[in-house]
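Inspection log for the structure reproduced underneath, given as structure tokens.
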């Protein structure tokens, strides 16, 4: 019986009522249960202070603008002053990024829709990430921690998978080029200044910009005249020369005072009229389509697939006035752009417009087996106008807000005129950046621009001569010889002065012309 006592006690313990279990810990919610949690804690602690609400990170797209003067571009680089560096610090001080994620953009899925070069501005830039945007006043807190030349317009709640880089369908850039830059006679090297050191300096009559120096006597009056004659001979490059561009009145015809274009032409000044607009747009149209832009960037080879880019449109139809100077608004829309690509496209187009290169050089630059040094326009006139997210907006139009500049058009236009346009106009007015750059567009700095593959009908060149010198004409024999690679090669024969060989050379020249036209 004694052995059964423990069993009786054990059964009595089993029959005893269950003890009250320990109270479970309350789960902390980050989706709006904080007030209930705080009230429970407050009631339990007997009226203690309520905890501040904890907010949730949300995936948003931030739309902002900036003036790029004084910054080393958009992308953050160690030791450089960049737009991203300013914006990341502003996000931290505004409470959007916690201390643990400071200077760690991957932690909050940082992405940018476009990168910009040094000094380039933007009006419709978009970045995305996971930020603490609550409580209300997020935009005001950001702008209070940013300089005046960087302004945040607003933000949009986006899908969790959104990336401003991957979901951006196309980008639109604008380059403002002064009208005088398209005039072949503007800022030309036309004045000589002799120094005591035995060198001659070439200066610009309009801006007194000192150019290169050469030994005394190398470039004198005779050589300048020869260059003038050479430019007249090369009619294959362009029919739009200085004489055709500057129209002077002789008193017989009075221009219409209501037409600014006619008044400008009557004063002998270059005007971006309909003919000039048509020609410049034709030059820019060569870029439209899918091409290999390896000559329009740096450190990208022709065999690299990244060199292939698609341009949707490129036009220059609008003229605006900044600080008393007219600027042509060049708008280019493409899927994506490489480093310096737009500035080099503008630079080559201006070189063609100023008759430093034939139009065919643009198509030659697209060839993979051709390497050409392309001039690059200054960065001050370029800015990112807008980023488009057409596919994303169509896919998530029911569940999320549209990511676009439609809501911020007025404030963006105001920022554009106050910061971007004012900087472009003042930079040209005070420093003459474009005028100085125009002096570098010559055969000495860019010899490749003249060595373009000419069409067969561009081989025969006719020179204008006086009637008195017809008997002393020097004929040049020209022939097109196909080499092993199929490229055309121009062969110039010896000069002939006798009258007996004149007819023979003219017949051979006409046969070459007939073959070229076929």
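Using the three backbone atoms N, Cα and C, a Cβ is placed for every residue, glycine included.
Range annotated as region 'Disordered' by TrEMBL, chosen from 1-54, 55-108: 1-54. Between the stretches 246-267, 268-289, 290-311, 312-333, TrEMBL puts its region 'Disordered' entry on 246-267. Counted within 10 Å of its Cβ, the other Cβ atoms near residue 117 (active site, nucleophile) come to 18, all protein chains included. The DSSP breakdown of the domain 'Pseudouridine synthase I TruA alpha/beta' (285-389), given as helix, strand and coil counts, is 29 helix, 36 strand, 40 coil. Within the same chain, residues at least six positions away from residue 173 (substrate binding site) with a Cβ under 8 Å of its Cβ are 331, 332, 337, 342, 382, 383, 384, 385.
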